[in-house]
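According to Swiss-Prot, the features are:
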type	residues	note
ACT_SITE	K125	active site, N6-AMP-lysine intermediate
BINDING	D41, L42, T43, Y44, D45, S90, L91, E123, R146, E180, K293, K317	NAD(+) binding site
BINDING	C408, C411, C424, C429	Zn(2+) binding site
Amino acid sequence: MGRFNVKFMIKDIEDEILCLRDNIRKWNKEYYVDSSPSVSDLTYDKALLRLQDLESKYPEYKTLDSPTLKFGSDLLNNFEEVTHSFPILSLDKAYDIKELLLWIEKMVLEGSSLGSYTGISVEPKIDGCSIVLYYKDGILQKALTRGDGRVGNDVTENVRTIKNVPLSIDEKVELVLRGEIYITKENFLKINHTLKNPYLNARNLASGILRRINSREVASFPLDIFVYDILYSSFGLSTNHDAFDKLKKFGFKINPFCKFFGGKNLEEITNHVKKIEMQRNSLEYEIDGVVLKVDSFILRDILGYTSHHPKWSVAYKFESCTGVSKIVDIVVQVGRSGKITPVAHVEKVFVAGAFITNASLHNQDYIDSIGLNVGDVVAISRRGDVIPAVELVVEKLSIGSFKISSNCPSCKMALIKEGSHLFCVNKHCPYRIIEQIKYFCSKKCMNIVGLSGKTIEFLFEMKFISSEIELYTFNFDRLINLRGFDLKRIDNLKRSISDSKGRPFRKLLLGMGIKELGANTILVLINNNLNSFDIISTLCKNKEAALAKLLKIKGIGEKIALNIIEAFNDKIILDKFNFFKELGFKLEEYNTNYVVDDSFLFGKKFCITGSFEGHSRDVLIEKITKKGAIFNRAVTKRLDFLLVGEKPGLKLQKANNLGIKTFGLFDIKDFVDLDN
């Protein structure tokens, strides 16, 4: 009996990990790509922490495509994508004073034990659009959005129009700064009132203005900025408060609520946090919390980074503001995977700076837990000040709880329950097909520009297309007399669809929407010579042999392997691939040396010794640090590795004495582009 219990426990753990990954990937897409998150920051962060904890305890289930190794993206098609010189990370979070105190105590303790504690800086967390400013010889060279943390959109010309961004500074220095572009509450309401399609909140308006193509238009809007961090400077700085003093002298705008606490009195720090929270509604701009940072740059260097956030900083998130509204309808949505999501439509209500008209209800269990139905008056919050959420029933005006139908709202097939969620398993379900076509056309897959979600729904409902493949056979000239389809738009659509034929095999494979098969897992397959449709489909004909081979590949778990095998025995998917093959699509990936995960270097402290044929040491240092590693000039016990070339010096002997790992160029070639 005991054996069975252990087996079931392990199976439950594996299922929980897979479920968490599914949810987090979905939430990442909703937040960073669709701009319509369905869960709160708190729910997201708890899920991410739970996944990190499980992967730490059960490393055998950790895969290279885990969302714990990645973070989201705000990249757009309209602006050039540029690689950041340094990783632009997120922040660790605390949701109550107790968590915040524990973090402060930890920083004080670690800093004091190392003799490098100088204090804590506290500043408001501005709810705006993140920007990175690059100065060379004292002149603004470029301004990039955060993007996915490694690559951002170049919005330099638009940022130049913001009056509080210095175009040049008095000293010929190099600087890389982080800031937050925002628009005041008053200006948000004034401008939003004049727009045909108003924005949900001030942050979205600021982001929308910043991404306008015409810089003259941007200049006509009152965007503003607070600078809050130095990522790099060509002059020496030892503390955050020294850095802020220097930035003020250069003419940068620093938030007036930024305050430095040099002592170890925790009460002083938390009182200032509470003061900012109390004054939140009276501020002229939106904030959603405060950020605490270790003041000493030396201590920051010692504490280091995770792949997600610096260990020397934390964001304390304020509780969301709430409003009261009435539920006028509950609709049920069907996702690409068949997952059923109930959504509440509510009477328009202004909550935390934005008008709310709908909110996700997650699943039937959630609805039952608060006893919700159409007609009820409910409390609505913007969790994390972003996501609309129904918190509770304030006034019960209906009978009982809303019940999701046992049949799919689209195809009417009986739903099945997996965990807390209902699913439609009909592969021919119209709603599922529409969502799959949207995914196929998305930037991350086939990048068919101009085919919006509404356009795809229109084409499907008019029976012009019934799957992805019909995008390539449909005569788009038939749309020319329809409203919204002029000749220019149709030509652009045809060109974009034609261009998609040249997308690499890995993008086409991703676009098939195979469950659990994400971009990184596809690169794992390719790196293990499963790099073409013919190779994978031939392998999967023998299911047992395919499973055995796939499970030998690091980063491929049983569930992913079974999903791949099932997909490559699915007539619908095989027919699609064969269609694309006949159309001349690339069904083979010729480059089989993709870097799947460069987090190996991220946050690692390294030093360098010796000479390297064909490579200058300065260039090597630059390339490695661009991957998130931290360069140290001397070998110390805190070093993670020493890069060793020909004729190494005494640094090698010291590293060996301290037990520090030593690497050659061969050891890092998979993580750093040494050829360019």
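Cβ coordinates come from backbone N, Cα and C, glycine included.
Structural mapping of features recorded in Swiss-Prot.
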residue : record                                  : CB count, 10 Å
T43     : NAD(+) binding site                     : 18
D45     : NAD(+) binding site                     : 16
L91     : NAD(+) binding site                     : 18
K125    : active site, N6-AMP-lysine intermediate : 22
R146    : NAD(+) binding site                     : 23
K293    : NAD(+) binding site                     : 22
C408    : Zn(2+) binding site                     : 23
C411    : Zn(2+) binding site                     : 17
C424    : Zn(2+) binding site                     : 24
C429    : Zn(2+) binding site                     : 20
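In this structure, the residue listed as 'active site, N6-AMP-lysine intermediate' is part of a beta strand by DSSP. Ranked by CA distance from C408 (Zn(2+) binding site), the recorded positions T43, D45, K125 have T43 at the top as the closest. Each of V334, G338, P409, S410, K412, M413, L415, V425, N426, P430, Y431, R432 belongs to the same chain as C408, C411, C424, C429, is absent from that list, and has a C-beta within 8 angstroms of the C-beta centroid marking the Zn(2+) site. With respect to their backbone Cα atoms, C411 (Zn(2+) binding site) and T43 (NAD(+) binding site) stand 31 Å from each other.
Straight-line distance linking the Cα atoms of C424 (Zn(2+) binding site) and K293 (NAD(+) binding site), rounded to a whole number, equals 47 Å. Looking at R146 (NAD(+) binding site) and the residue listed as 'active site, N6-AMP-lysine intermediate', their Cα atoms lie 16 Å from each other.
For the recorded site, K293 (NAD(+) binding site), the DSSP three-state label reads strand. Secondary structure at C429 (Zn(2+) binding site), taken from DSSP and collapsed to helix, strand or coil, is coil.
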